[in-house]
Amino acid sequence: MLKISQVFGPTVQGEGSAAGRHCLFVRTFGCNLECAWCDTAYTWAVTEAKAARTHSGRLYDRDDPAYGMKPMEPDEVLAQLRELWDVERRPTVVVVSGGEPMMQQRDLVPLLDRLHGWGNEVHVETAGTIAPVDAFDAVVTQYNVSPKLANSGNRPTKRYRPEALAALRDTGKAWFKFVVTADLETDLAEVDCIVADVAIPSRRVMVMPEGSDARTNTATARRMVDTALARGYGLSLRTHVLLWGDDPDR
Ligand code: SF4
């Protein structure tokens, strides 16, 4: 049984190297991190203690029918996807996001195997703290790995697992995306340390401004683009934020 928060689309992938692509989203419930600025905290901030870890402090309802935790069989998720798009005859990109989907990687294999078999690309969004198992890796097309920096508020030992990042790097299917706040110098120095420590090729690295409103997002992007390019990193905006603000259904 899978723990699912949302199934939605078609929409555009908002972030990373596949930004702008037509896709459907499967958002899993639950996360092993607690990022202060998380924009999907409804997938994990369901206790007072967890809510207190976020900037907003908002407590979400685990049983909320729209965004809460829904136990679903793989076939039920597949049926919802098929209502949204003909994934069997018109394969597209299916983004498996969270929360942290790799907490459920073994349970996700039957669903992703069907989608992959029909020719869909399976893109997995992960914070990179869990290494992929072989059966999962076999059905994944691309990993969008977003290691969390100190600005996330998580303990270093919890958020930084170099062995998991190296395993993802070695699949040859991973792109690495770092969320950078207005404190550019501090954040980019930390990105440089991780990139060097894990030996991530700089061409596979993108930096992305934090911010769930278009103005903050583009202002930070303008400030950091030149220094990112000088390091060999790409820049990701947040297309969905530019188009739809913080609407959780887009
Ligand atoms: S890893 Fe992602 S889903 Fe989990 S708390 Fe951080 S931003 Fe939110």
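Positions of Cβ are set from backbone N, Cα and C atoms, glycine also.
S-adenosyl-L-methionine binds W37, C38, D39, S146, P147, K148 as TrEMBL records it, and from the list G99, G232, G234 the residue named for this site is G99. Going through R27, R82, R114 against TrEMBL, the one listed in the substrate site together with V12, Q13, G14, S97 turns out to be R27. When the binding-site residues G14, C31, C38, G99 are checked against ligand 1, C31, C38, G99 have a Cβ within less than 6 Å of one of its atoms.
If you take the Cα of C38 ([4Fe-4S] cluster binding site) and the Cα of V12 (substrate binding site), they are about 20 angstrom apart, rounded to a whole number. Within 8 Å of the centroid of the Cβ atoms of C31, C35, C38, where the record puts [4Fe-4S] cluster, the same chain has further Cβ atoms from L33, E34, T40, A41, T43, W44, T54, G99, A127, S152. Taking the Cβ of C38 ([4Fe-4S] cluster binding site) as centre and 10 Å as the limit, one finds 21 other Cβ atoms among all the protein chains shown. Secondary structure from DSSP puts R27 (substrate binding site) in a beta strand.
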